[in-house]
Amino acid sequence: MTHSVQPTPLQARKSPALQGRVRVPGDKSISHRALILGALSVGETTITGLLEGEDVLNTAKAMQALGAKVERTGEFAWRVNGVGVGGFAQPDAALDFGNSGTGCRLVMGAVAGCPIAATFDGDASLRSRPMKRIVDPLQLMGASVIASAEGGKLPLTLQGAKNPLPIEYRTPVASAQIKSAVLLAGLSAPGVTTVIEQEASRDHTELMLQHFGAQIVSVPEGVHGRKISLTGQPELRGAPVVVPADPSSAAFPMVAALIVPGSDLVLTDVMTNPLRTGLFATLREMGASIEESELRDDAGEPMATFRVRASKLKGVTVPPERAPSMIDEYLVLAVAAAFAEGTTRMRGLQELRVKESDRLEATAAMLRVNGVDVAIEGDDLIVEGRGHVPGGGLVATHMDHRIAMSALVMGLASDQPVQVDDTAFIATSFPDFIPMMRRLGADFA
């Protein structure tokens, strides 16, 4: 199952000041989870502000294939009538998650707790990504792999557990996907399922499980970790969910406003969950003018309005423990670092190697081809900022939406235009990115 979309190259050119007030699309992590937990609940769940990108829509299709009723009731407005915990039905065909590792891995967890078999598949990029570390704990809980591609990759057929077992599991890396898969499988198990993390990963699953009525406790573990315990076999009840704007998507117009001289942007309803705001903290350390106002929350998730103005940035060192709170933002942070004065060292980025592409190498290549001095030392990325970027390069996106958007942001302030080989995959997370940036003043051709 591969995308047959024709490549759509695009060029970004030095732009006038970016101005305006926008709400970027709904958060992708929350959107996936709202659909999945709505499907595992009894009764009706209404979702406002759902991200209608390809990744999330593939999760919606999977929930329908597993027996839930999922319907669009208006723009970004959806309704889910769930089947209850353990109530998924055997799907008639393979579940195709396209480019989405999050959707695929979370649904694996939910299916593992049901006595059904389901085949998981995706595009060429998703087929290349590791699944073993998701499947390993699910097998401890009673699920089994009937078939998979070499190395335990997709396409993969998972047989859910007839009698799921609660486990205590220590995650090998800080990964919200591993944690969430175990917790979603644990919903069907009697007793308490516990996940221990050495480094705390994003906690959207825990917050939303509470919102839907699960009994879940999270306590500190060690210096940076968490211990999360879920009581199994709850009756989850449908609930309203307002999806905040995605901080990972807000990162692109935010960095663009910082590097394009004279820019002044307002970004509304951006999620400010502390486990997702590593980029905002880092940009402020670099000297960015970012003001927060209108703080509120919904379904346990805080949000705020941000005013971002063009700023003179300086190089900083980003500690490795910040990685889980900004794992998707390092690409666009590297762009900000290239326009800063001085050296920026981003430490401990090993997880970037197993994303939609090897994002560590791809980020270095994106900068290098545009005249930026960059190095990789172990799992660290080092960018030598000189206050400007020569540009003029052609960036290979490797079917990765975040590389495409980061390169386009860079071209808005570089000396020469930046060419991107393909923008088709931007639709996976931010379908409106190009028209929205144009409305703010971006020069794309």
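Cβ coordinates are placed from backbone N, Cα and C, and glycine is handled just like the others.
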Residue among GLN64, GLN177, GLN198 sharing the phosphoenolpyruvate site, where Swiss-Prot lists LYS28, GLY101, ARG129, ARG359, ARG402 as binders: GLN177
Nearest of the recorded positions (ARG33, ASP328, LYS355) to GLY101 (phosphoenolpyruvate binding site), judged by Cα-Cα distance: LYS355
Nearest-integer angstrom distance between the alpha carbons (Cα) of ARG359 (phosphoenolpyruvate binding site) and ARG33 (3-phosphoshikimate binding site): 25
Sequence-distant neighbours of LYS28 (3-phosphoshikimate binding site) in its chain (C-beta under 8 A, six or more apart): LEU51, GLY53, ASP55, VAL56, THR102, ASP246, SER248, SER249, SER429
Cβ-Cβ neighbours of SER29 (3-phosphoshikimate binding site) (radius 10 Å): 28
List of residues, in chain order, with Cβ under 8 A from that of GLN177 (3-phosphoshikimate binding site) and at least 6 apart: GLY101, THR102, ARG105, LEU106, ILE134
In sequence order, the binding-site residues (SER29, ARG33, ARG129, SER175, LYS355) whose C-alpha falls within 10 A of ASP328 (active site, proton acceptor): LYS355
